[in-house]
Each structure stands twice: as C-alpha cells, then as structure tokens.
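J.: What follows is a single structure, and I will ask about it in a moment.
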C-alpha cells in the first residue's frame, strides 16, 4: 500500500525561487532564511513535507537572539506567553488543560517486525515497555492527520544538534513545526541554528527527521483554549527507528513536541547506539570532588519524581565536598580508546518539574531559572512572580493575589492546585551556578559509577553495590518505584520501571539488556553499578534517611568503593552493603542504621517471585539466559539468609 505521508521527492520534484515551488505547483514563500543555502537533501525534506502539510510560509530558524526576540514578541502579542515582570526575560505559558503531559498511550514504535520493538509477551498481556504499530497501519494514521495540517500556519525549520556541534558523540536533527512555542523551547533545550547546518554539510549529511504539528489547520474547527492550539483526540507520537524519523501530531506539550528530547535523545538515539556500539540512557551526569581534590563522575538513573535533578545539583552537607552538574536527565555514553566509559549530556537546557522545587529542596535549580526561562502551567502572582506548590514559605506576601495555571484567581490555602503537577521550567543549562566547566566537552567525561534507584518505602536498603556488571544489569532491570497510581487505581503502588527506561524504550528490552552485556566485555573497563533508595520508611511511615544534601554521605561511600576500598563493604544476598560505621553520619540525629540497611528475608523472597513473574509477563522469551541465572542465583542466596 502506498502511503502518501511517507512518499519521497526526487531532486527535480521541486524548485526554489524566493519561494518553494513543488512539482504540484504549490508556491510556498520562504519568509526567513536562505533556502538555497540548505544542503540539497535538507531542501528535499523541507519541500516534500511543505507539499504535504501546506503551510502558508516557511521560516528557517537561525537560533539568534534577534530571532528569539521577534518570536517572543509575537507570542506575547497573541497571548501565548505572559511576561513575568519580576524577572529578566522570563515568560509564562498556559496550555489547553487537555495537553499537559507525555501521552504514553499514544506513543508508538514503527517497525516491520513487531518484536524488534516490543518483547514476546504471553497472549493477553499488554507490553508496558513500548507500543508497536505496523508500517501499513502507521501510513493510514499519518494520512488521516498530516495532509494540509499546517494550512494557514508558518512552518518553522529548526536545525539542531544533540551534544556540542560537531562533537564525536553528537547527532543532528531537523524539526519542522508550526508552533513558535516549540521553536523558543528548542532554542533553550538544544544547540540550534546556522552552526548546525555548517556541521551537517561536513558530517556526510546524516540527520534525524522530525515532523511536528499542533494539528489545528486554519480556519480552526474547534475553540482554541488559552491561545494553545492542539488536537488531543488525534494525538500521535511515532518513531521510525530504521529511518531515523519522528512524527508528532496534536500536542504542543514539551515531551511530545520538543522532539530532540525523549523522542530523539532516548528512543531514536538508543537505536542509533545499538547500531554504532554506544548507549542512550535516562541518566543524570554529575562530577563529585572529594575534600582531597579528587574528582570522579557518576551517572544515575531514577524514574520520575525520584530526585534526579536534585541529586545532579546536590549541595553537600559535609564540608569539603563539591558537586557540579553535567546533565540532569539524559546521558549518551560510549567506551573510549582507553577502555573507559565516557558520557555527554546531549541537551542544552533543563526541562524540569516545577512543583516541589524550592530554595530548600534545590537552590541550584532555582538559581538556574531567574532569567531567560519559559515556565509552562505554573501560577503567576500579582507581583509578576512564578508560583507553585512548594514555594508557600518563600512568597514575600502570603496573601498575594494569584492567577493559577488554569487562568483563574487563586490564593495560598485554596483547595485547587496553583500549578499543574507536571508544570515545567525550560531554562538554559549554562545558567546553573554549578554547571561543570567540562559540561560541553565533546568527547564527554569518564564515568566511574552507575547508580540505579527508585522510591521503595520498604525492604530495600539505603545503598548496595552489584556483584558484577551482569548482576548490575539485573539490578537495573529490577528497578521499581512507588508512583501515584493511574486514575483507575486507588492509593499508591510500587511499579516496575526497568533501568528507569520503561516509558522510553526504543526497541525490544531483552535485546537492550544483551546490548549492555555485550558492551561490558573486555577490553572495556566497566563502571561499578550501585542501587540507592533514599525513600525507605519506618513502620510509622517516617523517612529513615534525610536525603537531599545528605546524600553526599552515600556518594562518598560509593566513590570509596570505586577506588577499591574493600574494607568498607560486607557481602549480602543482594550485593555489597556498607559495613556499619563506614558511612559518615556525623551531625545526623537518630539514624536507625539497622533498619535502614536491613534485608528482610520474607520481603526479598516475595520480591524475587514478583520479579520473576514480571520478567515472564513483560520480557518473556526475550529474557537473556544470563539475567534469568542472576534471578535464580539471587533467589537461592536469599533463601539461605538467616531470619
């Protein structure tokens, strides 16, 4: 079946005057930028998609400040952005309340073979690590959406680099979008503009093709809420990994529209990494310097709401320690010529969850967004300041009038929320006071430790070290976290989130684990793998560990293990835990070490049974035998544990 949306132009199917004229005699003016200077294959991509989506004009972005000022002025005039007058160049955006988050149920991988994308799950079991759609079905979905979808709107051409422009680990993308909000956010989140096009001409021309539309051609058929066009009923976010292509329709929200982020930097990048021998992971990267002046680099993978950004920007409570951030969300990692694992942060900004962020929980994040930042779905005070849950004690006037994220009057103490729980700040990473001087080093920084973790209210000790690289992969595959459950459930439940990658898997998870195992073979010098749990609770539901800046005490122990100190750990069935007295607890009141580090036999036996069921249901026959052996061996070790 021929799919109109996926058909390609030949070089003579279009011509350029001061406009793009396609072979079907559609004339589309280029209102900014020099179309002729684009590489020919980029011209072809832009022309064929312009023919498909029928924009009224083409705008080639250069990433300059003048361009940003022009777009911001337009957005303010239309009411899309509201200036937060208490700051320099900070703006607030309120979205349609139906378009506020990533939409996992509408996110797809498109491959000819289903099990390239998802695992062989038993009949009747829905895979939770990715969704597959056939190319034929996808073609129909595209043709039901994209033809003519940009009518009456400008199509922006965004050339961008994930990673420093021209770097050995960096990759280029070009996003076509009809949203100027997306342009402004991509300018913060990626390296964007003319330098990318110059690099593209040098690097044999490879780029990831990204197509995004809000899905509301003009004249719009439905009412636009908050000046935010979207089409939630027809939203789709789809990836064609073999073709290095992303299609997104109907949503303007960051994770669905800033296609360099999760779509490219994780789902597509992990496919490129599989082909080229590297890894794309949902991990922070931080540099930690000891009082002796020794610096090591750590990568850490936590599910959402487990403190990744807080750890990346940690303010140590122990004198002499220093933490500097490379990245807070995504790591691209490749083994270097010396055998060590090197990581870059492919992003250029922070796209952080606002609620809960405060000077108490993360002062460095707060310092990062005092200017040049776009806030989405937070509240605004009458004084022109941002506000969200967690800032109640930082407001100068607690009785100040506010407008909440829905555009309604609001005051502290009201039952409704001031900010949406998934409200965001989009801020330049370079504004963070503790950004590492090497954060843009093209070859990356050497990783000594990989840390997994999640919210585990019971049973799981504060920290343990895996027994080996393969056991560490097993530990990562077992990551679970307490999450506020979906609407059809009540209360909270602990949910699986393997490697903190469950929502972002770009191919079969069994193959993903085998990729990790393959990369761990000699001559590669693999980092040590650890698991942390800041969130263990006592019987009366109080946290056993203070967390935040005191987490440096655990990082200290981890780094001493990386230095080869064998005297500070003791072996347990699940890995190596700190010997009593080897974590610095000075100044901490009433830490119940025994409860914090205990490994309850009954809990862990039950956990292994549940994990086995999870692997059987969600990984099935794709589970590597080595991981099955780790599960079996750990179960036997736990059985031998004395009560």
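Glycine is treated like the rest: Cβ placed from N, Cα and C.
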J.: Taking 324, 340, 455, 536 as the options, which does Swiss-Prot list with 305, 306, 307, 308, 309, 310, 424, 548, 549, 550, 551 at the GTP site?
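T.: Of the residues offered, the record points to 455.
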J.: Suppose a student reads Swiss-Prot and sees 102, 253, 254, 255, 422, 423, 424 listed for substrate. Which of 56, 304, 368, 468 should they find annotated at that same site?
T.: 304
J.: Figure out which of 234, 262, 360 sits with 282, 329 in the Mn(2+) site per Swiss-Prot.
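T.: As annotated by Swiss-Prot, 282, 329 share the Mn(2+) site with 262, chosen from 234, 262, 360.
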J.: Let's check the environment of residue 307 (GTP binding site): how many other CB atoms sit within 10 Å of its CB?
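T.: For residue 307 (GTP binding site), the 10 Å Cβ neighbour count is 22.
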J.: Hey, how far is residue 550 (GTP binding site) from residue 306 (active site), Cα to Cα, in Å?
T.: 15
J.: For residue 548 (GTP binding site), what is the secondary structure state per DSSP, taken as helix, strand or coil?
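T.: DSSP assigns residue 548 (GTP binding site) to helix.
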J.: For the recorded substrate site, whose residues are 102, 253, 254, 255, 304, 422, 423, 424, find every other residue on that chain with a C-beta no more than 8 angstroms from the centre of their C-beta atoms, and list them by sequence position.
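T.: Residues close to the substrate site, other than 102, 253, 254, 255, 304, 422, 423, 424: 100, 101, 351, 353, 376.
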J.: Select one residue from 253, 548: among these binding-site residues, choose the one with the most other Cβ atoms within 10 Å of its Cβ.
T.: 253
J.: What's the CA to CA span in angstrom from residue 255 (substrate binding site) over to residue 306 (active site)?
T.: 18
J.: Who sits close to residue 254 (substrate binding site): which same-chain residues at least 6 apart have their Cβ under 8 Å from its Cβ?
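T.: Expected: 185, 261, 351, 376, 424, 426.
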J.: Under a criterion of Cβ-Cβ distance under 8 Å and sequence separation of at least 6, what residues of the same chain contact residue 305 (GTP binding site)?
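T.: Residues satisfying the criterion: 353, 455, 481, 483.
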J.: In the structure shown, with every protein chain counted, which of the binding-site residues 329, 550 has the densest set of Cβ atoms within 10 angstroms of its Cβ?
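T.: The residue with the densest Cβ neighbourhood is 329.
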